[in-house]
Structures are given as C-alpha cells and as structure tokens.
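Novice: Straight out of Swiss-Prot:
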BINDING   88, 231, 233, 235  Mg(2+) binding site
ACT_SITE  88  active site, phosphoserine intermediate
MOD_RES   88  phosphoserine
C-alpha cells in the first residue's frame, strides 16, 4: 500500500490504524521522537494512535501539543526525529503525518519508502512490558522557538499588521511573535478551531476576502496596515499589501530574493522549476545565480544544503531560511517581509509593483494515474519536435524560451496533469498553453 505522497501522508478521514503502524515502523530505527499537531478535530486521535505505535516499539515520545510545523521542525534538533500531525491547507476532514529529520528537513522519498516497506511487510508484534517507551509532555517548545526567531530578527520599525491564522496552528505563535517584534497587531481567525470556521486554510484570494476588507477599512484612515495570512500549519504565508491586494506569490518571492541578495551579498538562491522568470531577471542585475530544483520543500532544502545558499523558496509561499533553520516557516517568512520593507524604506505595494508583470496561465487536465507516464513521454518527444528544443526534465517537462516558458507536470496527489505557462507577451502565452493542452490530450488518447 502506498502511503506517502509529495508532502508526507495526507488522507481524507485518516485511519488511526495507519497512524499506529507508522509509529511502530518509526520505532524500528528511531528511539527518541517529538510529536506535535495542528488544530484539526482528529489531531488528538491520530497523535494518540501514532504514539501507541511508537511506545509499543520502545520509542520514547515527547509531545509538544498544538503547534505550527515550524515549531515542530525547530524542536526536532533535540530528538532522533520530529512528527507533525497536519494536513496543511486541506479541508478539515483531512489529516496527515509529516516526518522531520534532526536538522529540520522533511523526510525524503527514500526515507519514506523505507518506512512504507516496514509497514507493508511487518507483523506488528506486541511489545514486551520491559521494552515499552515513555511519554513526556513539554510545554516550552513555542517559547523556545519564539525566542530563537526573535533573536535572529532585525526589525526596528513598529509596523501595523493584520495576522490571519485561519483558526489553525499559527494561532499559538503568530499574533504573539509579531507583537513581540514591535508590531501593532490585529488578529483575525486567531482562535484555534479545527473546523476552520473563519475560512478554509488555503491562503488564497477567495478565502482571504474578509481579511482584505478589514485591511481596506483600516487603511481608509491611512494606517498602512499590511496582512500576513497562513495555511493550516503555518509553514506557508502570503502577504496582503496596503492597497488590500493579495500579493502574487511569484512577485513576492521575486522581490524577497532580490532583497536577500542585496542585503547579504548572496551569490545564489534556490527556487523551483515552476517559479517566475522575474527572479532570473531581478538577480541577473546582481550577478547572482538562480538554482532551480524539483517542486517541494524537500528538494529545496536538499539543494540549499548542497549549494550552501541561504534562502530557497517556492511560489506557493513555502520559504526556507537556511541561516535560521531548514524547516519551511511561514511565521519567520512573514516577519522577514517586514525586514524587507524596512530595508528598502518602502511600502509593500511599492516593492511588489517594481517586479515585472508577465502573462501567467495555469490549467489542470484530468488524467488517470496509470496514463501519466505515457502522457509525459509523449509530451517530451512531441514537444522537442514542435519547439525544436531539448526538454528540461528535472520535474515534469519544461521548455524555456527567451520570452517565456511552459511546464507540463503530473500532479503528485491528484489525477491531473498540470500545464503552467509564463510569457512576456499575451499571444505567446496563449500559443504555448494551446500547444501544451493539445499535447496532453493527445498523450492521454494514445494517438
């Protein structure tokens, strides 16, 4: 049975028996674990089940309660591994399990496959009375994380910030840490509720409408509030500028990459194959290299360690600040957006408006999982003929041009093939998208 996807285990109505087996499998190779959970109603259930498996296999467990993923990832340094019970931005009926190494990086596919093999092949014998693990409760994890982050910040301006936590795990950290950083904070959806009563945890324009309206109302009196909004486990963030605009993920990432290079003198940054070419355009001016990797925080973290770059980010709002820690951190990212504003002495909307605007198009096409490889093989061969270019196959199939690019990639969690296009001219973007869609459909049909 395949359990792990592109971001750990994530399922609708996650079975506690699966959680138990995961815990028992972990105990085969790890004897000291720290575990946390987000606000989902099934969090206690899944945590209890995975803890039972760990204990049965002789693994000692420290529970740190309801915390964001960055707190869990930071805490993992004192243990053999960290276990986060979360389904991130998914609706409340979902839950999941994401595993972290001591250095804060998420488990890679090889590590997950090893666990999967144990789960699928082990007989799950009962532990003996003299080899059962123990449980310890630690209530200092949030405090320790917050103190560490604040020690590494450089913010002198008292910013006005609306913090939207989605009734999720960010509630226990974000409002307080922004306040301690000197901000005047207005909290929205900041009480923990695993039903996500205020909004769904995906921080997109549709879900953030009420928060946008609040910011527009506040700024009608020239108060210059910006917004920071999280997903379900606060490993991501998106910003809302003073004009009440939910910032474009690509533009915010490009602006921040430029800031990192200008402030630190960094000679490279890491991003993914689906990130905007605005990043390349921005950083070429400073002679900095853009290193692209597969989509996903695991790949970004691996490349950061390999290249020594201090920052890596995805255009989903998943950013890793290697100079602080290697876990994706939406709380730290939000605070560093404020650092960027202070560095430039500009409002957020002014910084974002300086980023080049390109034509972006996205489509997803239904495709049975068993046909995905057939489609990608066809796209690679046919695309090379049509575009007269060798395909880039780091993650999916990408063709790059002077004025744009197209990426065709199978979804790792759904029965779709995704087509992403970016171009400097609208006509070229539409032409690329039309060609991409046609290739995918032909690949599905097998003709």
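Quick reminder: no glycine exception, Cβ is built from N, Cα and C everywhere.
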Novice: Within 8 Å of the Cβ centroid of the Mg(2+) site residues 88, 231, 233, 235, which other residues of the same chain have their Cβ?
Specialist: 38, 68, 69, 86, 89, 168, 169, 201, 230, 232, 234, 236, 328, 330
Novice: Quick one: of 88, 231, which of the binding-site residues has the smallest count of other CB atoms within 10 A?
Specialist: 88
Novice: How many neighbouring Cβ atoms, not counting its own, are there within 10 Å of the Cβ of residue 233 (Mg(2+) binding site)?
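Specialist: 32, counting other Cβ atoms within 10 Å of residue 233 (Mg(2+) binding site).
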Novice: CB neighbours of residue 235 (Mg(2+) binding site) within 10 A?
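Specialist: Its Cβ has 33 other Cβ atoms within 10 Å.
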